[in-house]
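Take a look at the structure set out below.
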């Protein structure tokens, strides 16, 4: 009933599509930097300053930034069907990304710059094995967090964006992998940092994804009807629940569903993101949000 996830057939790929993708990625990055991030030309600083003027408490400001992002991101997702009928799939994806991306960048940069603010609740960084545990949990979280790499050309609106009813790969473990990945990431980073800023951020992110679980199932039910109800029965929100109670039957070669280019891409990007942590921090410090 559902689609086979993470299928990537090199023979069906067009060089022109990936050239367009690269150009779009470059243009979007440049526009985002000039219009939002750059302190001399962008509006991101003014936006964060306006939110920061509401409270001197960094945790409160962080929650407000997350709430605004959630309202825009989830709100536009909720109106996707109507929006696509009105202006088309590609145009709506561009509008969706154009509003969501700057707000996401603001929240991420503000978090990085203030991640050690607040009250220190515990300190376990010096305990042997904690760093390794945090690294392993963070590594695992990315395989749940980014199923959107299954359709990068649709993310960039090179191909017509679709609402996919995935049913294989990571979806066999959880129907809402992004929620699971965010939960694992938050546990790892909250354990490592152990302060009120990280705890507050984690609670805000988890609340956003819990809402996304309800909203996502609602939207899929509206779009796919009975087909989604069948997939819903065969899958679960909680990891491995459908497998353990027998509703999800794993094929003998289940592991092959992960030996595909999108998952290998996640592997490479996850390792790259870990190594690039100092660069992310340095870039955020220059923004002064």
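The backbone N, Cα and C atoms fix where each Cβ goes, and this holds for glycine too.
Automatic prediction, not curation, is the source of TrEMBL annotations.
Not measured: the values here are computed from a predicted model.
TrEMBL has this to say about the protein:
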DOMAIN    61-280  domain 'NnrU'
TRANSMEM  18-37  transmembrane segment
TRANSMEM  60-79  transmembrane segment
TRANSMEM  91-112  transmembrane segment
TRANSMEM  132-153  transmembrane segment
TRANSMEM  198-216  transmembrane segment
TRANSMEM  261-280  transmembrane segment
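The transmembrane segment (198-216) and the transmembrane segment (60-79) are in contact, since at least 3 Cβ pairs between them lie under 8 Å (pairs 6 or more apart in sequence). The largest share of C-beta pairs under 8 angstroms with the transmembrane segment (261-280) comes from 132-153, of the ranges 18-37, 60-79, 91-112, 132-153. Looking at the domain 'NnrU' (61-280) alone, the prediction's average pLDDT is 93. Within the chain carrying the transmembrane segment (132-153), a Cβ under 8 angstroms from the stretch's Cβ atoms is held by residues 5-6, 17-18, 21, 159, 162, 164, 166, 170-171, 173-174, 177-178, 180-182, 184-185, 187-189, 191-192, 262-263, 265-266, 269-270, 273-274, all 6 or more beyond its ends.
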